Amino acid sequence: MLFLEVKFLDLDLEANAVIINEEDIKGTAYYSQDRVLIESKTCSFIGTLQSTKTMIKPGEVGVSKYIKDVKLNEGEEVRVRHAQKPQSVSYIRKKMNGQTLTADEIHTIIDEIVSKKLTNVELSAFLVSTYIRGMNTEEIVAMTKRMAETGDTIQWEKRPVVDVHSIGGVPGNKYALLTIPIVAAAGMTIPKTSSRAITSAAGTADVLEVITNVNLSCEEIQRVAKTTGGCLAWGGAVNLAPADDIIINVERPLSIDPQPQLLASVMAKKIATGIDYTVIDIPVGYGVKIKNEKEGNQLARKFIELGELLGIRVECVLTYGGQPIGRAIGPALEIKEALMALHDPKSAPNSLIEKSVSLAGVLLELGGRAQIGQGQKVAWEILESGKALEKFNEIVVEQGGTITKPEEIELGEYTMDIRSPKDGYVTGISNKLITKLAKEAGCPKDKKAGIFLGVKTGNKVNKEDILYTIYSSSEERLDAAVNFARRTYPIKVEGMMLKRLSKF
């Protein structure tokens, strides 16, 4: 056992890591990556031990000042000792071997994720095992319920409360910025909680954060939705299904989104936010999570079945995901395009308008605000009339932002136009490569970074026409993005004659 004094560090240390001078552990049974229990007179937490030669003095233990739910004081003496390996580790190994987990075993895994007893390595093992081995319906139900139970829940006076959610995978998927105000303007309650980017260049929360606050508490979500009918908040700012946000932080560098976790993540948040029914958008196409209509139908069936078991009505919509939605990819570019669509929907990209209006139409029909088959028409009328823009501005102001015009959005100061190498037609836009390109430019952390598409699939182009423009706040990032673009060709241009063959 070690007795050390707390030294706060201005570092966000993952897995509750603690840093100890190597002199304090020399000749002991303590090694880097050991799981340790840190105990004070008032609290305790599990951490991962890291050693240093100079960052921390002998006799001190470095602790992140950003660590949550732990009340320590600078200079306070704490005890550091080995912690027992969590029960979850054996259950994770069981799933790695392809076995089915019981509800109690899944509950233990979720509980230990929330209490941060698992290291990122152990959590990664769990995610990869579910990605490869999968889960049956009973396992997913158990995981979903426990994820919701371990956090806060929101109760509503006015019913029904509706929601729309996209499983993502398509660059520029900014539909919610139009769909939510359309539905709210029709008199329905739609409190939307969104994630930040996981595998994409920008999540809805990243995009809206350019012009308003998205870090709302449960009470603020209720207040905004009660006042305006809707809200657009970051789910990670509240304690709704807290295991989900911990898992997302591990999924992000792995660039994976296991289907069992996808199902549980979406539906746990719906339980926690008190949703009566939801519409799930499932993009289908090359380069997204769901490759074809058959896979889309299978996932939709799982969502609907899971909803029935959880008491939430679910309808799924398969949408075209073969190329980016609209022309803007990246937080600032996307909010600019969404604002332009709200101000003048007739001049906005058809893909953005059609998707936003279609999803809103389904919700309006489910909520009785439009007759079956007329929802899309009613949604378009709300958008065209300016009521959706008015409602969007209400939501923005109520969340702490200011009314912003499209031309007021600042974009990255460093830009580069990528031009067509020849005459021809755009035969394809790679969702994956466009997303990677936007990330090379700095997305999502650099909100001014991104890609603006000058063309879409099927467009005729001449040599030297602009295919797309890269934006970044960093000249170095821009150079990296340009080099990536020239190596990978995210947009393909072909002539009518693809290849000439004479003999083999």
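The backbone N, Cα and C atoms fix where each Cβ goes, and this holds for glycine too.
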Per Swiss-Prot, what member of Ser217, Ser265 joins Gly169, Ser195, Arg196, Ala197, Ile198, Thr199, Ser200, Thr204, Lys289 in binding AMP at one site?
Ser265
Compile a sequence-ordered list of residues in the same chain as Ile198 (AMP binding site), six or more apart from it, whose Cβ lies below 8 A from its Cβ; state 'none' when nothing qualifies.
Gly168, Ile248, Glu251, Arg252, Asp257
Return the residue, from the listed binding-site residues Ser200, Ser265, with the maximum count of other C-beta atoms within 10 angstroms of its C-beta.
Ser265
Largest separation between Cα atoms (Å) of residues that the record links to AMP, namely Gly169, Ser195, Arg196, Ala197, Ile198, Thr199, Ser200, Thr204, Ser265, Lys289:
18
Per DSSP, three-state class assigned to Ser265 (AMP binding site):
helix
